[in-house]
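Visitor: Here it is: the structure, laid out below.
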Amino acid sequence: MPELPEVETSRRGIEPHLVGATILHAHIRNGRLRWPVSDEIYRLSDTPVLSVQRRAKYLLLELPDGWIIIHLGMSGSLRILPEALPAEKHDHVDLVMSNGKILRYTDPRRFGAWLWTKELEGHNVLAHLGPEPLSGEFNGEYLQQKCAKKKTAIKPWLMDNKLVVGVGNIYASESLFAAGIHPDRLASSLSTEECDLLARVIKAVLLRSIEQGGTTLKDFLQSDGKPGYFAQELQVYGRKGEPCRVCGTPIVATKHAQRATFYCRHCQK
């Protein structure tokens, strides 16, 4: 599933082609996504794009009369293409732009979403989200307050959007490795110093992934059709049985809440 770096990479890639241009019309080939494509999107015509923003894993296209909320789901990607390029099997939504470009949404598993809202505030998919991990609000003090009485393992807690948004399976595993924290540790067992380190490491890992265009493991592509290159820098995720790049101990894979977790027994305590 695309996580924060992949969604931010998509935002940065599509923004220059959308802001200041006008949506001539939307071409919906298959509106049966996780939730049906909103009727308002079908009716778009001669609508300027004012901004392209991100909240958590949602892309937000600001229009004069409302917002398009896009979620990439498990396998979605957005590309900027020449208008004449033929669609393929899993290309479900096109926004045809006045500058001769198309914003094309591709999603083999159709678990993403294209929604419409007049106002972002209070929308059900955005209403109960925690802070952005790259914001000043997310720091060691905040993390310690939220972990202090939490009797659950730190790995699934990091992936809870009520704690912090956008830290999914890949980046939770990578951040815990970088901080030297075992994923099975109770959140409440983390010291002040560990919380401070973990908050800083999460920011660093996410920023590095954004610099590399995100992580492509299967379906994710940047807006220009290229893969994300952070996969080449993964320390533990997807490396079961391979030697730790730091100490040589084989990487272990377990499951938390049906999600694969990767860690080094020697480096993470």
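Keep in mind that glycine also has a Cβ here, set from the backbone N, Cα and C atoms.
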Visitor: Can you pick which of H71, H90, H182 Swiss-Prot lists for the same DNA site as R109, K150?
Guide: H90
Visitor: From the ranges 200-234, 235-269, grab the one Swiss-Prot calls zinc finger.
Guide: 235-269
Visitor: Mind checking which residues of the chain, 6+ beyond the ends of the zinc finger (235-269), have their Cβ under 8 Å from one of its Cβ atoms?
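Guide: Distant contacts of the zinc finger (235-269): 153, 155-156, 159, 169-170, 173-174, 176-178, 180-184, 217.
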Visitor: When the Cα of R259 (active site, proton donor) is compared with the Cα of each of the recorded positions P2, H90, K150, which one is closest?
Guide: P2
Visitor: Distance check, please: Cα of H90 (DNA binding site) against Cα of E3 (active site, proton donor), rounded to an integer number of angstrom.
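Guide: The separation of the Cα atoms works out to 21 Å.
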Visitor: Compute the C-alpha separation of K57 (active site, proton donor) from E3 (active site, proton donor), stating it in Å without decimals.
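Guide: Between the alpha carbons of K57 (active site, proton donor) and E3 (active site, proton donor) there are 6 Å.
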Visitor: Which whole number is the mean pLDDT over the zinc finger (235-269)?
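Guide: The average pLDDT of the model in the zinc finger (235-269) works out to 95.
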